[in-house]
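Trainee: Submitted below is the structure of interest, expressed as structure tokens.
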Amino acid sequence: MKIRIGHGFDVHKFGEVRPLILCGVEVPYETGLVAHSDGDVVLHAVSDAILGAMALGDIGKHFPDTDTAYKGADSRVLLRHCYDLAKQRGFELGNVDVTIIAQAPKIAPHIEAMRQVLATDLMAELDDINVKATTTEKLGFTGRKEGIAVEAVVLMSRKQD
């Protein structure tokens, strides 16, 4: 069995007058995130982790913010495309672990819905998906409520022929 680990990281600042979408879930908050796509910083980090595990670069390479085709793009569609690239190479998801770093809004009430989105889009069991949140104790840009950062790690496996 061949196993690969991928790590993804993404950051977006608050400031857009739009819904705040995190992991495909609309989270009530006073503002959305500034981005070329829908700004789903969680799915961007997971997509980057999958691409990293496959040595395929990052989401900026596959979905450049200079391409108007991705203006306002649904990040769930982008995530599924990244996972399709992995499946085309014979890989499947082992598990995903996500850490959302934000002083606000409160993430905990939305974690189960976020896990379900990832399980659905990655065709995984719910117990293979972990989403957690933390703060930076009011330090740095996330602590000042200027934006959200996310780290994601995926384990991908392929049976050897």
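Each Cβ is built from the backbone N, Cα and C atoms, and glycine gets one as well.
Remember, predicted model here, so these are calculated numbers, not experimental data.
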Trainee: Among His44, His62, which residue does Swiss-Prot name as a further divalent metal cation binder in the site formed by Asp10, His12?
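Mentor: Among the candidates, Swiss-Prot records only His44 at this divalent metal cation site.
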Trainee: Here the binding-site residues are His12, Arg144; which one has the lowest number of other Cβ atoms no more than 10 Å from its Cβ?
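Mentor: Arg144, out of the binding-site residues His12, Arg144, has the fewest neighbouring Cβ atoms within 10 Å.
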Trainee: Beyond the listed site residues Asp10, His12, His44, identify every same-chain residue whose Cβ lies within 8 Å of the center of their Cβ atoms for the divalent metal cation site.
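Mentor: Near the divalent metal cation site, beyond Asp10, His12, His44, sit Val11, Leu33, Ala35, Gly39, Asp40, Val41, Val42, Ala45, Ile148, Val150.
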Trainee: What is the one among the binding-site residues Asp10, Asp67 whose Cβ has the most other Cβ atoms less than or equal to 10 Å away?
Mentor: Asp10
